[in-house]
Amino acid sequence: MASSGAMVLAMMGLLAGLVCPAAAAGASEFISMPTDDVSRVHATFCPKLEDIVRDKVAEARRRDIGVVAGLLRIFFHDCFPNGCDASLLLERSHLYFSERDRPQNGGLHQGALDLIQRIRDAVRDAKCTDVSCADITMLATRAAIRQSGGPDYAVVLGRQDSIDPARFDQVDRFLPARDAKIGKLIEVFQSLRFDKTDLTALSGAHTIGKTSCGSLESRTGEAAWFVDAIKRNCNNSLDKKHDLDVATPNDFDNKYYANIVAGMGVLSTDMELLNDPFTRDLVHKWANDKDDFFRKFSDAMAKMARLPVSGKTEFRDNCFRRKSMRETFNLTAEGFAASA
C-alpha cells in the first residue's frame with residue numbers, strides 16, 4: 001500500500017503530466033513534471049531533507065573535492081536523455097543494460113555515486129521514505145555548487161525514480177561526443193529547448209573538477225604550447241586526471257571563460273564555444289562578469305531540473321537497483337494505479 005506522501009506526490013505528478021506536453025519524441029505511458037506544490041509536500045514530511053544533504057555533501061567534499069564535478073556530471077548526464085529520473089544510477093542487471101555502459105558515461109565519479117546512496121540512507125533513517133534518488137541528486141549537486149563558491153538557485157522537487165534506464169538511442173542523441181563541434185552542440189541543446197545562452201552557461205560547469213586524459217586525446221588548438229602541456233601532463237596515461245580549469249580548479253567561478261579567451265580551455269568542446277559568434281561573445285562577456293554568468297547558469301540549471309520524464313517510476317531504497325514491481329507505481333492519462 002502506498003504511503004500518504006507517495007500518493008500525494010504521485011497524484012501531483014499526474015496532474016502536471018496532463019498539462020505538460022512531452023519535450024522528447026517517443027514519450028509513452030506518462031509525462032511527469034515536478035511542481036511547487038510537491039516541493040511544499042517535501043518540506044512538510046521531510047523538513048530536515050536539505051540539512052541532511054548539505055551536511056553529507058560537505059563531509060564528502062572535505063575528503064575529495066572531486067565529488068563536486070562528479071555530481072555535476074551525473075546530474076547533466078542523467079537529465080538530458082529522459083529528464084532527471086535517476087535512471088543513470090541504475091546498475092546493469094539481468095533485466096536491462098545500464099546507461100553507464102555507453103561511452104559517454106564512462107568514468108563516472110564513484111565517490112559521487114556512493115555519496116548519493118549515503119544521502120538516500122540518511123534520508124530513510126530520518127523516516128523520509130518518499131524522497132527520490134532523483135531529488136537527492138538534484139539537491140546534492142546544488143549543495144556542492146554552493147559550497148564551492150557557486151550560485152544558489154531554486155530547484156522544484158517531486159520527481160520519482162525511473163524503473164528503467166534511458167534507451168541507448170536517447171543517450172547517444174542527447175549526450176554529445178567529447179569531440180563534438182559547435183553546430184552539433186547547439187543542435188543537441190536546441191532539441192531539448194535550451195538556447196545558446198543555456199549551452200554556454202552550462203558549459204561553465206567545467207570551471208571545477210578534473211577530466212580523464214582519455215577525454216583529451218582529440219584536443220587541438222591554436223595555443224599549441226597549451227595543448228603540448230596537456231599532453232605532457234597526461235604522459236600517454238589515459239586514466240590520469242587533468243584539471244578542467246587550470247586557473248582555479250577547486251572553485252566554482254568564471255575563470256573557465258577567461259581560460260578559453262586565452263586559448264586554455266581544456267576540452268575540445270570548451271574551445272568550440274569560440275566558433276559561434278553568439279557563444280563567443282558570451283565567453284568574452286562572462287570572462288569579466290561573474291555575476292551575469294551565475295545568473296544565467298542558475299536559470300539553465302533550473303530549466304534542466306524541469307525537463308519532463310516519461311515511463312514508470314518509483315521511490316528507490318537503493319539508488320542503484322529498482323524495487324520489486326509490486327511496489328512500482330504507474331501513472332497514465334486514465335489515472336493512478338499501483339502495479340499488482
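Just so you know, glycine gets a Cβ as well, placed from its N, Cα and C.
As given in TrEMBL:
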type	residues	note
SIGNAL	1-24	signal peptide
BINDING	Asp78, Gly83, Asp85, Ser87, Glu99	Ca(2+) 1 binding site
DISULFID	Cys79-Cys84	disulfide bond
DISULFID	Cys133-Cys319	disulfide bond
BINDING	Pro176	substrate binding site
DISULFID	Cys213-Cys234	disulfide bond
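Locations of recorded TrEMBL features on the structure.
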| residue | record | Cβ neighbours (10 Å) |
| --- | --- | --- |
| Asp78 | Ca(2+) 1 binding site | 27 |
| Cys79 | disulfide bond | 26 |
| Gly83 | Ca(2+) 1 binding site | 29 |
| Asp85 | Ca(2+) 1 binding site | 30 |
| Ser87 | Ca(2+) 1 binding site | 29 |
| Glu99 | Ca(2+) 1 binding site | 26 |
| Pro176 | substrate binding site | 18 |
| Cys213 | disulfide bond | 20 |
| Cys234 | disulfide bond | 20 |
| Cys319 | disulfide bond | 24 |
Spatial neighbours of Asp85 (Ca(2+) 1 binding site) among the recorded positions Cys133, Pro176, Cys213, Cys234, Cys319, using Cα within 10 Å, are Cys133
Same chain, |i - j| six or more, Cβ under 8 Å of Cys133 (disulfide bond); the result in sequence order is Ala86, Leu89, Ile116, Arg120, Asp161, Arg316, Cys319
Listed in sequence order, the recorded positions within 10 angstroms (C-alpha to C-alpha) of Asp78 (Ca(2+) 1 binding site) out of Cys84, Pro176, Cys213, Cys234 are Cys84
Rounded to an integer, what is the Cα-Cα distance in Å between Glu99 (Ca(2+) 1 binding site) and Cys79 (disulfide bond)? 12
Using the residue listed as 'substrate binding site' as the reference point, find which of the recorded positions Cys79, Gly83, Cys84, Cys213 has the shortest Cα-to-Cα distance to it. Cys79
Sort out the sequence-distant neighbours of Cys84 (disulfide bond) for me: same chain, 6+ apart, CB within less than 8 Å of its CB, listed by position. Phe75, Asp78, Ala134, Thr137, Met138, Arg159, Met304, Ala305, Leu307, Val309
Spatially, and counting Cα to Cα, which of the disulfide-bonded residues is closest to Ser87 (Ca(2+) 1 binding site)? Options: Cys79, Cys213, Cys234. Cys79
Taking the centre of the Cβ atoms of Asp78, Gly83, Asp85, Ser87, Glu99 as the Ca(2+) 1 site, the remaining residues of that chain with Cβ inside 8 Å are Cys79, Pro81, Asn82, Cys84, Ala86, Leu88, Ala134, Ser162, Pro165, Ala166, Val309
